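There's a structure below that I have some questions on.
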Amino acid sequence: MTEPKPTVLLAYPGQRALAESLARHSGYALAEIKVHHFPDGEAKLMVPAELADCCVVLVCSLDQPDAKTLHLLFAADAARDMGARRVGLVAPYLAYMRQDVRFAPGEAISSRSYARLLSSGLDFLLTVDPHLHRYHSLSEIYTCQAVHLSAMPALADWIRREVAQPLLIGPDAESAQWIEAVAARIGAPFRVLEKVRHGDKDVRISLPDVAALRAHTPVLIDDILSTARTMATAVQQVRAVGLAAPVCLGVHPIFAGDALAVLAASGPARIASCNSIPHPSNQIDLGPLLAEALPALCQT
């Protein structure tokens, strides 16, 4: 039987916690990408020299992507120079998925441009719950092997451990897919907040059929917590109908600007997120999920 080729995880600066979880759950060796900044703004990248015949997995979530992408491509190129047979990227949060159509003449369709850029330097990409919207799969725009996982099993396991009698609530219609998946996994009731339009400028939020569920603990789930205004409004609505203070969960904790403060001020019982992006709210580890998917990508 042929021995599997060695796999090495390379953590980008600031990504150590996720990389350590990946190493712990996969058994793969872990090293670091070293970045030195010159006064003129350029950077020097260094990877381990002993990478011959290895599958090299760069570990870096792609929030603040403009500051990271070029470095990662340099690191991928250096790994190949050191003899790596395969180079991939684990990026639980994938950037530049918002602009998927040209809304005005001259606009860049940045999701496609970014996909071409990353694909040029990678053999594979592993991510979690990307914002596909108009795309059915990443393979529509990525030419490298691109795999996306769902964080819902990790969220479900966390809720099962941490929340008694959960009532899952989606803050908007888009979140229904997440809510249904988690509810099915843990056997919990779920509802989705509904927008009711009473006029051009009068839009109200309603939460249907909760009278019989007041003994449950509300759990709000959304994929991306960016400004967190949608989630904060949902918290207020949950409280307004007489339910307990909810637990707020997010897959990707961007929390731009004062978003975390705004959400906290709305009155949730707890705020927790997946570690797709390093943040103080991280409580749900995606390491086991990602580690399970890596062997098939590395041994291809």
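Glycine too: its Cβ is placed from the backbone N, Cα and C atoms.
Those TrEMBL annotations? Automatic predictions, nothing curated.
According to TrEMBL, the record shows the following:
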DOMAIN    9-119  domain 'Ribose-phosphate pyrophosphokinase N-terminal'
DOMAIN    154-244  domain 'Phosphoribosyltransferase'
When the domain 'Phosphoribosyltransferase' (154-244) is classified with DSSP, how many of its residues are helical, how many are strand and how many are coil?
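Counting residues by DSSP class gives 38 helix, 28 strand, 25 coil.
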By DSSP, what is the split of the domain 'Ribose-phosphate pyrophosphokinase N-terminal' (9-119) into helix, strand and coil residues?
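Summed by class, the stretch gives 37 helix, 25 strand, 49 coil.
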Can you tell me the mean pLDDT for the domain 'Phosphoribosyltransferase' (154-244)?
86
